[in-house]
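A.B. asks: There's a structure below that I have some questions on.
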Amino acid sequence: MKALIILGLVLLSVTVQGKIFERCELARTLKKLGLDGYKGVSLANWVCLAKWESGYNTEATNYNPGDESTDYGIFQINSRYWCNNGKTPGAVDACHISCSALLQNNIADAVACAKRVVSDPQGVRAWVAWRNHCQNKDVSQYVKGCGV
């Protein structure tokens, strides 16, 4: 009986945890969802961005105490401008989406919102991690061997 309880707790923790993509799995998924070359941003740059923003984790969150906003999901999309978490003062919600939708294992909503973000004048430069880790770097390693 004790073993069943422990097994149940282990399984529960696994089901609650977000999906952490493998690099090539993410590259293939992003390509299928139309991000390769979207607004001039290569697939390798998107994978690099996701690596440094979230470690490929769909359930990643990061609270920003300065403006009381939170970054959500695989692309760390911010609640101040892009999604609605019902808590961020003065939020814009430009993607017209609940922030919790950005934490799903199915990343279609996160990709749709990322397309909205990159369509703004700042483009992919909106992501600090991209500027710090991907901009002006050889990012080909992020899709190497993925067959994409």
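Every residue, even glycine, has its Cβ placed from backbone N, Cα and C.
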A.B. asks: With the disulphide bonds as Swiss-Prot has them, who is the partner of C24, out of C134, C146?
C.D. replies: C146
A.B. asks: Disulfide partner of C113 per Swiss-Prot: which of C95, C134?
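C.D. replies: Answer per Swiss-Prot: C95.
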A.B. asks: Quick one: of C83, C95, C134, C146, which of the disulfide-bonded residues has the smallest count of other CB atoms within 10 A?
C.D. replies: C146
A.B. asks: Using Cβ atoms only, which residues of the same chain lie under 8 Å from E53 (active site) while being at least 6 residues apart in sequence?
C.D. replies: A60, D71, I74, F75, Q76, W127, A129, W130
